[in-house]
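Q: After the structure tokens below, expect a handful of questions from me.
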Ligand SMILES: Nc1ncnc2c1ncn2[C@@H]1O[C@H](COP(=O)(O)OP(=O)(O)OP(=O)(O)O)[C@@H](O)[C@H]1O
């Protein structure tokens, strides 16, 4: 029989922390939390690798909060006690929000400040002058504050975390991090958290950790097939569009879905293509202002949108920026790339909640990128599905992923998604039509329009919405970008075009802009059709095999 898992209340945690954990609805620690929290409370340095979505943030945040609460029982001067380094602004905001939730019952005693983005260094100075107990930031921003003496850590710092440690070097933070270490005291406790172990993590380990305990939890870096089902389908460019149209319009994919593409242009191409069929989607990329990105993610988590098209540009561009502002020249495969945010990371560490499906419209170019993308679904104990479209030029990347994920097992974790493409031939004509309408010019215009729109939104997000929080919910990021190309007849599917095997199973007309005016979900309630996504009822799964449980969905080869 498996050993009983150590419970939160058996870890000697402060009651206020236990109450916050209970308020979050966490009935027991995840595996990494069970192992890491007691060791961290003993004062050990930790190197922890656990799969994506396994609760690593709380694994270091809980012991940090506990230590701060315990030390505040004796009178102490207010000072910065913990520093959490993150590679991206999105992650910074998310870590701050997690710590705020965990300190909801002791917010006066444990104060946290995220300095990773938004305001400039001088605007953030007053926040740091108040000496929050925990500071969260990207290495370059933290270093800038240390140099400006807005932040002084050499006598106060007790705990240092490097979250998503595998990304810190690849985001160009190596020299910042090394410089930053000169400003820290000789002794402090360190945690390195990572979903993957690579040479960079090894280098960081040597730099930061002292006699660490290494926690390498699951052998696999992704959940197993009982929680995460992974499929691939080989298809070339036109078929990718045809297939995505079919999956979304016929609702063969249900629940919240992240569509990953390899470049910003591709994300607008896909959005413009889908909007002709009245399939609303938000675009997320590094050109958008950080306020808009964070607002979009937060609305997605609240159930306002079903589909995000994210460009995972770190796979293409490996930017490097140092606190001095100097950028190393990097290769970009995108023509006309606009000013990108070097601290953007959508597939890395962002906690998109209750994502039912990740679809790699373009296959990622590295194994790590595959793991981080697919890790946006099947988080905590939730189920999820990943489907990758693979063109012949992407086959070698697929092979690498398969090799890396299968480990010692003979069987690949990625199964073929067997789909009768010939059954959806009827849609090809309208798809071609829609693809033709998305010209380079249309993409360029859409990209500019969206950036302008989001810059305005972002200004409003900074000021107007602080005074008018109710209006915040009305701000949407999935509006049509090119209404001129939309032809009304494309929105509906005539019955005769629906594959015979799917008539009665799908109801395409009902998919029209259902969520346009959704009311904001109550806090803590995730509004989504995710719940519909039970095994046997998800057509994405049942459409695959004729022998599947759902006998009605016979549209696939056996
Ligand atoms: N003990 C728990 N019980 C239930 N849910 C939890 C628990 N701990 C964390 N979670 C939830 O699990 C989700 C994933 O957590 P988190 O973002 O910390 O994962 P992660 O391991 O850092 O993932 P990644 O490597 O992708 O960044 C979050 O929504 C979080 O609220």
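The backbone N, Cα and C atoms fix where each Cβ goes, and this holds for glycine too.
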Q: Region 'Disordered' per TrEMBL sits at which of 503-530, 531-558?
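A: Feature region 'Disordered' in TrEMBL: residues 531-558.
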Q: Suppose you had to name the range TrEMBL annotates as region 'Disordered'; which of 320-342, 343-365, 366-388 would you pick?
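A: Range annotated as region 'Disordered' by TrEMBL: 320-342.
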Q: When the motif 'Q motif' (6-34) is classified with DSSP, how many of its residues are helical, how many are strand and how many are coil?
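A: Reading the DSSP string over the motif 'Q motif' (6-34) gives 16 helix, 0 strand, 13 coil.
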